[in-house]
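Novice: I have a structure here, written as structure tokens, and I will follow up with some questions on it.
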């Protein structure tokens, strides 16, 4: 049945058989008009084709509009009532909205960089100086691999395998994992290693096997990485509420935007739980569902 015809029949049903109030009629008419517009954008003309996955996409589009909880609940209730009516009339083979829920909003703990802003930030370190080359590699590694700051500062020279284009990091609970390195990172590491001994100030020398050194020749601390990030945020005129951890969140989010699946990102981030990985992604719900439906075998 044509969507507009199905909606018109349902509104008449509410008026004539349910004696619904004018307020309810007006609200439900508006809600179903939004559904009709959504179905049109999805190129769905008959209401029978609006299955659970289509309706879930519509609910996700409401979520992304940041409407109030009460408005969202009313719209979902409207869909359930509408599809219950369609099922009873034999128009659809099931009440496709029966299991529909409006997702809970979670506060995002970290910001994600705009790609253009981040690419500009990565160009700021002065690579003609040893300390600038160090800073450039730090920023590139955080974004290019998603490593934690503790993993970054814990890197030793022996952890980097340029022949195999990979590096070993020690994550939470001292668990080790192998991270692949792209060509750009491989070249940057090679260039940095040539000048690493020049990072310490005059009169100081490298004191250990650490990849990243401070001006005294000691291992760079997590706090120092924070100061380095803040320095370039200021230079790029970006908000200081970004942090080193924002690079990790941006790494995950930009991978997901590019079509990577959550399980692969979980491996790269070193997460034991997939739910933890989900919190690291900052796509809107519509995009998350689109990636899931496109890549997950159970969604086929």
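Every residue gets a Cβ built from N, Cα and C, even glycine.
Taken from TrEMBL, the feature active site applies to 148, 172, 245, 248, 271. Annotation source TrEMBL lists active site, O-(3'-phospho-DNA)-tyrosine intermediate at 280. Here TrEMBL flags 1-87 as domain 'Core-binding (CB)'. Annotation comment: TrEMBL describes 105-293 as domain 'Tyr recombinase'.
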Novice: What does the structure give for the C-alpha distance between residue 248 (active site) and residue 172 (active site)? Integer Å is fine.
Specialist: 15
Novice: Can you tell me which of the active-site residues 148, 172, 245 is spatially closest to residue 271 (active site)? Compare CA atoms only.
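Specialist: In terms of Cα distance, residue 271 (active site) lies closest to 172.
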Novice: I need the CA-to-CA distance for residue 172 (active site) versus residue 148 (active site), whole Å please.
Specialist: 9
Novice: For residue 248 (active site), list the number of other Cβ atoms lying within 10 Å of its Cβ atom.
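Specialist: Result for residue 248 (active site): 22 other Cβ atoms within 10 Å.
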Novice: How many Å separate the Cα atoms of residue 245 (active site) and residue 148 (active site)?
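Specialist: Residue 245 (active site) to residue 148 (active site), Cα-Cα distance: 7 Å.
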Novice: DSSP on residue 271 (active site), three-state: which is it?
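Specialist: Where residue 271 (active site) sits, the three-state DSSP reduction gives coil.
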Novice: According to DSSP, which of helix, strand or coil covers residue 172 (active site)?
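Specialist: Reduced to three states, the DSSP call for residue 172 (active site) is helix.
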Novice: As a test of reading the model: what is the averaged pLDDT for the domain 'Tyr recombinase' (105-293)?
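Specialist: Mean pLDDT for the domain 'Tyr recombinase' (105-293): 86.
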